[in-house]
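Down below is the structure, laid out as structure tokens.
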Ligand code: PNW
């Protein structure tokens, strides 16, 4: 059982989240190639080399999908606009069909009483910009500001909340140091540049949207509880380094206008020129902050200045991603963010959820582990709220099973099951549990 809507403040917002490339079907509607298309086409990068060409076919089935969100009783829908769909070359010409799609989608939300929570960029960088160095090129901050302007012009008057970039850590570290996401680099200089430029792009996009009169502008970062694998001083130090790269770098930039010393020890020789001059933009005032939270990391000891990439196995149950279930981490980050960075600023849990290998049996999907996951994380969030942390909303990842990036279509995060042959949607037990908890709006 999930807690009821009535267990929360009356203005608390519940929503579901998705992202464009993961659900829409990138081959439709005149979208330009994205670096995820090229990355997935290179063998070894993505399970079965799957890509987002069709995904959930949301591009054609969006009305049914919005109906599902509204029928469950959610208040908000966190969605993203595909840069490569709207600007196929990344700059210059706008694909009118793509922009029309988002226009209809936003109107469709409003017709159903859903608040549109926009993310400008959830990872499908236009391939033409990737060819120019992508996030390694400082110019991306200005290309991105132009994209933000196109979206703000067309949708800005109807958007409830907006964040420029989903998860700067994934855009930079995971993609340029660990090589797990597009563009698949393993290069320290590329990483240092990408980590800085993603924040610069964020700041300029906030300025653009605010100049267009858009309100309720924020940022969304992902966090992973850094736990030492054992109680050796080496493991403790390694966990602290992991925490600095993963959990502190971006919020320190945005809220304190500096980067963690532990990171700069290794990054200093690799940073772009005059990076210190960019903090006025990076630290642009925000109206809210969102955190995406899934799991913890047991950090094994490692030498050198890097965060230990080597993890260790923890004792708790794991999801289909192999991610340990650790609800305390959500309480930890909510209280710590408010204490150290965001103060009185409204906080939102912009993603939380788990993957499983759900199958339909007799027309049902009995995903009770997912219901328990939500129950335990909601309880951790409520604990933080009871301690005075200003948490104002919670979004499930995800509405429906979708393209799980390098892991293809096998790992299922949805409240709604998607059959990737027929594209049929089937609400899971977890969807019904949310419907029961939220009641009608
Ligand atoms: C988030 N990691 O990504 C994203 O916002 C979603 O698009 C994604 O589907 C969801 O979480 C589930 O994975 C992450 O490797 C992807 O630490 C990978 C990591 C973290 C977040």
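Cβ atoms are placed via backbone N, Cα and C, with glycine included.
Mapped onto three states, the DSSP output places residue 404 (substrate binding site) in coil. Per TrEMBL, substrate binding site is recorded for 22, 122, 166, 294, 397, 404, 405.
Under the DSSP three-state reduction, residue 167 (active site, proton donor) is assigned to coil, being neither helix nor strand. Annotation for residue 167 (active site, proton donor): same-chain Cβ neighbours under 8 Å, separated by at least 6 residues, are 220, 221, 222, 292. If you look up TrEMBL, you'll see 167 marked as active site, proton donor.
Positions annotated as active site, nucleophile by TrEMBL: 351. If you draw a 10 Å sphere around the CB of residue 351 (active site, nucleophile), it holds 24 other CB atoms from the protein chains shown. The DSSP secondary structure for residue 351 (active site, nucleophile) is strand.
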DSSP three-state assignment for residue 122 (substrate binding site): coil
Longest CA-CA distance among 22, 122, 166, 294, 397, 404, 405, per record bound to substrate, angstrom: 18
DSSP-derived class (H/G/I helix, E/B strand, else coil) of residue 22 (substrate binding site): helix
Euclidean distance between Cα atoms of residue 351 (active site, nucleophile) and residue 397 (substrate binding site), Å: 5
Rounded inter-Cα distance in Å - residue 122 (substrate binding site), residue 351 (active site, nucleophile): 13
DSSP-derived structure type at residue 397 (substrate binding site), helix or strand or else coil: strand
